Amino acid sequence: MSHLVGLVRAVQANYYRVRLREPSNGVEELLCVRRARLKKMGQQVCVGDWVVVSHPDWPGQRGAIAEILPRRNQLSRPAIANVDQILLLFALADPPADVHPITRFLLTAEGLNVEIQVVFTKADLVSPQEQQQWRDRLQQWGYRCHVLSLTQGIAWQALRPHLANKITVVCGPSGVGKSSLIRHLTPREDIRVGAVSDHWHRGRHTTRHVELFPLAEGGWIADTPGFNQPELPPDPRQLAAAFPEIRQRLSQDQCLFDNCRHDQEPGCCVRGNWERYPLYIEYLHQLETIASAEPSLAKVPLVKAKSDRQGQQRLEPLLDAKKYRRRSRRQQHQHVNPMAEEVLDSEW
């Protein structure tokens with residue numbers, strides 16, 4: 001029997017909805033569990049993973065995930081794999097656009113090495129002049145952006161060609177219209193949409209878990225549970241590469257020192273009067289402070305390589321010797337003898 005390969009469409013508790021690449025026996029999707037072997041090896045199954053399914057129960061439409069195929073990339077929070085592009089949504093008003101959170105989301109997306117699309121929503125709440133100002137601003141940063149209004153039906157259909165045949169992840173702060181956009185793009189009626197809080201001027205987030213929704217033009221789109229403070233790159237040396245403005249300057253010139261931090265070093269070609277440079281310096285100092293305070297911790301391996309009779313290597317879970325190793329006969333006798341002595345002592 002050939003292997004069944006499918007795409008993990010949703011994860012809830014310990015169950016995974018897997019859409020089969022090729023439907024079989026009239027079944028397109030299986031509700032699966034993760035094999036214990038994968039759990040012992042510490043391999044987490046993410047939405048967006050391509051997996052091998054074993055032991056299908058066609059009448060019950062169930063199965064077990066036996067293997068996770070190699071990933072091209074992975075978004076850590078929330079966990080979603082094999083992303084083709086990031087759709088970053090920000091509101092022009094209610095809540096108003098802010099350079100700081102926009103930049104932090106962009107830095108997170110840059111770390112994935114995938115295409116980035118920037119979308120501004122609620123265009124009906126600001127003037128055309130302000131809409132154009134943000135378009136020009138993003139262009140100076142190195143990004144193209146779309147401006148739309150879901151309530152007025154402005155320009156959202158123009159997004160469809162950019163989503164075809166791709167796995168697209170929709171990210172952004174709460175209350176900017178992520179769930180509303182997905183509801184416009186997909187036929188699903190069970191996507192919850194919430195209003196912005198009148199007191200906090202922030203969104204009441206309605207997405208509870210990560211899920212891929214199919215698009216009519218092919219491809220998948222995922223809403224993500226909101227996170228208001230996306231993470232900066234873990235290594236300060238990676239920060240500069242996440243700014244298109246810095247990449248553009250380094251492509252035209254070079255700094256005097258190869259290890260230039262683009263801060264106070266002489267002969268730096270990056271330092272200058274561009275809008276987000278103060279943000280770069282602020283984030284650089286934050287990361288350097290964190291890096292100097294945290295000692296490097298070596299990760300304990302969870303798997304070991306073992307060769308079979310054909311000489312092919314396969315991975316097996318590396319079990320805790322103290323927990324799983326069987327006692328030798330000598331150890332068993334050593335354990336039994338003191339017990340026997342205690343019995344003899346009690347008889348006397």
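Along the chain as shown, the residues are counted starting at 1.
Positions of Cβ are set from backbone N, Cα and C atoms, glycine also.
Taken from Swiss-Prot, the feature GTP binding site covers T121, K122, A123, D124, G172, P173, S174, G175, V176, G177, K178, S179, S180, and the record attributes it to sequence analysis. In this structure, G172 (GTP binding site) belongs to neither helix nor strand by DSSP; it is coil.
Sequence annotations record features per position, and here Swiss-Prot assigns Zn(2+) binding site to C255, C260, H262, C268. The secondary structure of H262 (Zn(2+) binding site), as reduced to three states from DSSP, is coil rather than helix or strand.
Per Swiss-Prot, compositional bias 'Basic and acidic residues' is recorded for 305-322.
Look at Swiss-Prot and you will find 323-333 tagged as compositional bias 'Basic residues'.
Annotation comment: Swiss-Prot describes 72-230 as domain 'CP-type G', evidence class sequence analysis.
The annotation region 'Disordered' is assigned in Swiss-Prot to 305-348.
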For a quick check of understanding: among the binding-site residues A123, V176, C255, C260, C268, which residue's Cβ has the most other Cβ atoms within 10 Å? V176
T121, S174, S180: which of these binding-site residues has the highest Cβ count within 10 Å of its own Cβ? T121
Return the member of C255, C260, H262, C268 nearest to V176 (GTP binding site) in space, with distance defined Cα to Cα and candidates limited to these binding-site residues. H262
Closest by Cα to A123 (GTP binding site), out of the binding-site residues C255, C260, H262, C268, is H262
